[in-house]
Structures are given as C-alpha cells and as structure tokens.
Amino acid sequence: MPVPTIGVLALQGDVREHVRALEEAGAKAVTVRRPGELETVDALVVPGGESTTMWKLAVTFDMLEPVRARIAGGMPVYGSCAGMIMLADRIEDGAAGQQTFGGIDMTVRRNAFGRQVDSFEADLDFAGRGPLRAVFIRAPWVESVGSPVEVLARAEPGDRIVAVRQGPLLATSFHPELTGDAGVHSYFVEMVREF
Amino acid sequence: MSSSTPEVTETAITGTARVKRGMAEMLKGGVIMDVVNAEQAKIAEDAGAVAVMALERVPADIRAQGGVSRMSDPDMIDGIIEAVSIPVMAKARIGHFVEAQVLQSLGVDYIDESEVLTPADYANHIDKWQFTVPFVCGATNLGEALRRITEGAAMIRSKGEAGTGDVSNAVTHMRTIRGELRRLSSLPEDELYVAAKELQAPYELVAEVARTGKLPVVLFTAGGIATPADAAMMMQLGAEGVFVGSGIFKSGNPAQRAAAIVKATTFHDDPDVVAKVSRGLGEAMVGINVDDIPVPHRLAERGW
C-alpha cells in the first residue's frame, strides 16, 4: 500500500483539520458520511467534535453497524477526543443510552478534564517519541484499560491515560490536528501501512 | 524511562488562543440551539445539538416584549448546565464585562457577546483577551469580524436578524463576509494597507487573512434560520455551522424540527436528505419580514 486512502468521518467536527494532517503525513484523505463511501477507504479517522451528536447522526444515517463491521474486520481507525469516546467499549458520564463504535477494550470518562475553562495545552511524551504539544478541549481521559491495550501517553493532572493503542486502533484524548504537528498522524499512517 | 527520552515539560496552560479557537473547531458542522430552561436544553441535546445557548427569552420574545434584556439568572444557567452533558453557552450584553466575569465564574463553555441583548456600552466591546472562557461575537461584514477577533473573539457568527424567522439578512451578511474575504485575498500586497484602513482593522490581521483567504477563527451563521432548508442554504453559502434561536422553540414541533435541522446541516449538500427531513414538521415560527422592522429596532445594527 504505497499511499493509503484514509477516510475522515464527516458527520460533525473538525474534519478539515484531520484531512490536512493526514495529507501532510503522506496519505490520501477523503471524507466519509455514508456506508458506500466507507467501503472505499483503507482506514478511518473519527474526528474531534461532540460525541452525542456523532452518535445520533451515525444511527440516523446507518453508519453505526457498517463502521463496527469494518472494525471487526481489522480496519485501522484513529479517534481524537470525541473519536476516542466513539472507539471505547465502555463510557462513563455519557448521555442516556449513548452508543459507540467500540473496539478498544477501555473505559473512557467523557469531559473528564472539566469544562471549557479547564481546557488546556501541555507537552507530553507520545509513544516514546519525545515531547509533543497536546491540546485538550473538554477532553475525556481513559479510566481503565483491558490487557490488550497499550498505553502510549499520560498527562497531568493526575497522570491520566490520554493515548492508547489496541492492534489497528488508536485513540487520543487530545487534538494533534490542531497543532500543525503531524507526528500522531504519521504514526497512524505507519500503522495503516502495516495492516 | 531511559535517559535518552527527551525532556517533557509538565506545565499545562489554560485559556490560550489555540484552546479557545479549538473549542469552536469542535462545534463545526453542528447546530447550537437557544434554550430558556432545562427542559428545552434536554430536547436540544436529544435532537443532536452540539451545544445550547442559555438565555432568558428567545429573540422573538425579546422583540415582542421590548424592555432591556440582560444576562440570564445564574440559577437558570446552573439548571441548564446540570441538565445536559453538551457544552453550554450564554449571552452577555455588548461591553458588559462584569456579566462576562459572572458567566465565566458559572463555568459556561462559551460567551456570546450578543447584539440580541441590550448593549451596555455604545463605544467599547468587551476586552475578551482578559478571559479564560472563549467568546463568540456577531458580525455583518468582514471589518466587524476582524475588529471582534482583534478584541479576542475566538469564533464569529454572521448576525442575520434575530427573532424574525427571516433568513434574508443571514444570507446578506454571510455573502458579504465571504465576498470581502475573496476580494481581500485577490489584492496585491501593496494595496493591503489601504484595505486595512477601509476595513478599520489592524494591518497584521488583514495581511494574515489576505494570505490564507479565511478568517483565523470558525465562522457560523445566525439570525433568522427557521427551517432545515434555511440551515442547508447557509452551510452551502460557506457557514461552518448554525445557530438557531427562536426558530425551534417557537415552532409547532420543537423536538422534530430540531433533529431535522441537525440532519440538514450535516447533509446540507444532499437535497434528498433535506427534502426527507423537511416533511411533516408542522408549523414553522410565524416570522416577521426584516423590511417591516424600523431600522432603529434591528438588532444587527448594534455593535460597532
């Protein structure tokens, strides 16, 4: 796979920023809103945004089951912030009945770092690759992980888990797409090339 | 950790421009709905709103009832914050920096320094750089948008004419802003000095916008959006998301209309979806033609 085609789920959120970061990382990026478009991509990014809105739209426009099926089939997926919530097998502080795509054996607490006045940026070490500027916006954290999950980054306050990987699935609490540093997206594109 | 691991500083910083503007990026492609109580906020969240705007009276009622309109009661804002898990915004009067301080202390996620409320200062807007909480401001043209950004606004919405259900001013303001952006990005560099003078905005910001062809913050639309087709049209005209004020809770079936506007915003370029969600919504808000409102009573004229 010389240049992988990676879809960005375009139901709601900061789609354009992920498209730009993926292209900078050497992938071909396309937007995906329908099951037919999902079939054409090698991998998927679930962007930042409002997870309850994405869930409702994914149900209404019949995307929940097709994405779950592709995940079960081994498609690589990366989710940032709301995208991390969408990849969690279990969520805390979700809206009543809130569903996710799932795939990563973890419990994610929604809005765990607090409201917008608590949103912050900080340097952290991502996957042993050195300092990375991370932007956290009403961000979730990972409360607990199962044994197949590898922890890639932690952040203050509280040394919380903020980046994880389980096989072809990657998730971050923070928004690398907002900083102009394509490090996390390059890491994901490498993952896609491996799978 | 091995000694070869690069040093990582642990200092977390809140309230940076990136954090404030980034919050608005997360709202893109979504609908922000005016609500006046916790029950309406729940309906908005269930319909798929990306955020709610807490205010005491929707613009249609402010217009009908007159009087001075102000920031909402903190108890009412607390009730809405308690009721929903999505972001909660609230309005402060133009220039009323203490209302903004109060809203920040309540923990609202975004402040709308809004022409819908009665202005508190007819010369100065709030110095928004002094706050950790981000601000959204209205604009009718590019110069106004750039002045608000200079004062620290982290998000802009075209003003339209709130409380009317008449989308025509929203269209005018969005077309004006987008048209002025196109014109600016076509100018040679030596004409940007005069452009900055004409826009009444700082040269550095004007030059940045001329280079990138877009505002440095997210641009939503507001003021008069009442139907799924209104929302879809504003998105096609270049809005990155939609504020709906009176249009939902002044209509016959708020829950269904709210969900329909959310869907039409996401699939704004797909007429089949817009047609499907437009069926059977019941009565839209009654509406007032902007032309029938005397100019001094038009809310979009507030702000300078």
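Glycine is treated like the rest: Cβ placed from N, Cα and C.
Annotations in TrEMBL come from automatic prediction, not curation.
TrEMBL lists B:Lys91 with the feature active site, schiff-base intermediate with D-ribose 5-phosphate. Residues or ranges marked as D-ribose 5-phosphate binding site by TrEMBL: B:Asp34, B:Gly163, B:Gly224, B:Gly245, B:Ser246. TrEMBL lists B:Arg175 with the feature D-glyceraldehyde 3-phosphate binding site. Look at TrEMBL and you will find B:17-222 tagged as domain 'PdxS/SNZ N-terminal'.
Mapped onto this structure are the features recorded in TrEMBL.
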| residue | record | Cβ within 10 Å |
| --- | --- | --- |
| B:Asp34 | D-ribose 5-phosphate binding site | 29 |
| B:Lys91 | active site, schiff-base intermediate with D-ribose 5-phosphate | 27 |
| B:Gly163 | D-ribose 5-phosphate binding site | 27 |
| B:Arg175 | D-glyceraldehyde 3-phosphate binding site | 13 |
| B:Gly224 | D-ribose 5-phosphate binding site | 31 |
| B:Gly245 | D-ribose 5-phosphate binding site | 30 |
| B:Ser246 | D-ribose 5-phosphate binding site | 28 |
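The separation of B:Lys91 (active site, schiff-base intermediate with D-ribose 5-phosphate) from B:Ser246 (D-ribose 5-phosphate binding site), Cα to Cα, is 15 Å. A distance of 17 Å separates the Cα atom of B:Gly224 (D-ribose 5-phosphate binding site) from that of B:Lys91 (active site, schiff-base intermediate with D-ribose 5-phosphate). According to DSSP, B:Gly245 (D-ribose 5-phosphate binding site) is assigned to coil rather than to any helix or strand. Maximum intra-site Cα distance, D-ribose 5-phosphate binding residues B:Asp34, B:Gly163, B:Gly224, B:Gly245, B:Ser246: 12 Å.
Taking the C-alpha positions, the distance from B:Gly245 (D-ribose 5-phosphate binding site) to B:Lys91 (active site, schiff-base intermediate with D-ribose 5-phosphate) comes to 12 Å. Annotated pair B:Asp34 (D-ribose 5-phosphate binding site) and B:Lys91 (active site, schiff-base intermediate with D-ribose 5-phosphate), C-alpha to C-alpha distance, rounded: 10 Å. Taking the C-alpha positions, the distance from B:Lys91 (active site, schiff-base intermediate with D-ribose 5-phosphate) to B:Gly163 (D-ribose 5-phosphate binding site) comes to 15 Å. Cα separation, B:Gly163 (D-ribose 5-phosphate binding site) to the residue listed as 'D-glyceraldehyde 3-phosphate binding site', rounded: 20 Å.
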